[in-house]
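Copied over from TrEMBL, here are the features:
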type	residues	note
BINDING	Asn32, Ile34, Gly65, Glu87, Asp113, Asn144	S-adenosyl-L-methionine binding site
DOMAIN	39-239	domain 'Ribosomal RNA adenine methylase transferase N-terminal'
Amino acid sequence: MSSPTQVLARLPKVQDIIKIYGLVAKSALSQNFILDQNVTDKIVANIQPKRLKPDLKDALIIEVGPGPGMLSRSLIKAGATKILAIEKDSRFLPLLQQLTDATSGSFQVIHGDALSAPYSDLVDRAIADLDFDPASHPIHLVGNLPFNIATPLLLTHLRDLSHRRGLFAPRCKYTDMTLMFQREVAQRMVARPGAEGRSRISIVSQAVAGCELVMHVPSSVFVPRPKVDAAVVRLVPRSGVEALGGLERIETVSRWLFGMRRKTVRNNLMAFHDEETVQRLLSESGIAPGARAQELTTESIVRLSMVAAKMGLVYDEDHPRPQCSS
């Protein structure tokens, strides 16, 4: 049986394939490619914490937005044998099919939109076609995403995580995410209380996952070169997320708190609620009225969302707003 290195050695270089097919990045899809495998190798090396020996052989890798397939090649090189790649741009399907053929089907490509893909069905496919066991082995969601879909995709999966569905359903032993974002977004995701970048995305990310910025990616490695740098963030699910009652609650409360950054928590809440309601929210949450949202811990904002839910002020899809009787 050929080694991953031997398999990849038989394939033409990605740069050559792009020239042959005359492929260029589409600005409408916010595409920027990484064609340096040294960079994509480093991304793959960060899928698991450095204290753990990387072993992707039995894991299911779901790659979103593979494009010409450089990150895909790094995954194969690292020993991954169960890869499902979701690609929206049909121009890249012939290139990715070469990887399917070269790996005898252990790399499979799905033509579709990562924002609306049926991720639970992908796990079923991996069980049937790739002999994957979700009860025994991890799932890694990875991708060099177009900047315009990175945050919406992240929020979709964070909501799934909070409800224990999709890739985070009880049948799945462990699922994490290693995704690329615009550098400013990545820094906000990991920002701690009091940091300049502390924002709504900090709260909703950290409420359900441990977030670590594991790699900076300069704009110079992309083709075409974007105006901003990127960064890779690894997100590891927190335990007990079911008790939060759904991420939607926290999203709503974060929207209240971060309405105007220079205003106090009390003044921001007053834009949505009356004085008595605001006093109760803050009192029962243990939050000082004069504090500012960016100073609050994630735990205190989660606590505020629980109080708001108890008062009937926020709802989510599992706990919808009651219907008025006629």
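Cβ atoms here come from the backbone N, Cα and C positions, even for glycine.
Features recorded in TrEMBL, as mapped to the structure shown.
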{"residue": "Ile34", "record": "S-adenosyl-L-methionine binding site", "Cβ contacts under 8 Å, 6 or more apart": "Thr40, Met70, Leu71, Asn144, Val217, Val221, Phe222, Val223"}
{"residue": "Gly65", "record": "S-adenosyl-L-methionine binding site", "Cβ contacts under 8 Å, 6 or more apart": "Ile86, Glu87, Lys88, Ala114, Gly143, Asn144, Leu145, Pro146, Ile149"}
{"residue": "Asp113", "record": "S-adenosyl-L-methionine binding site", "Cβ contacts under 8 Å, 6 or more apart": "Ile86, Lys88"}
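Around the Cβ of Glu87 (S-adenosyl-L-methionine binding site), the number of neighbouring Cβ atoms within 10 Å comes to 24. Of all the binding-site residues given, namely Asn32, Asn144, the one with the smallest number of surrounding CB atoms inside 10 A is Asn32.
Across the residues annotated as binding S-adenosyl-L-methionine (Asn32, Ile34, Gly65, Glu87, Asp113, Asn144), the two Cα atoms farthest apart lie 20 Å from each other.
Mean pLDDT for the domain 'Ribosomal RNA adenine methylase transferase N-terminal' (39-239) in the predicted structure: 94. The secondary structure of Asn32 (S-adenosyl-L-methionine binding site), as reduced to three states from DSSP, is coil rather than helix or strand.
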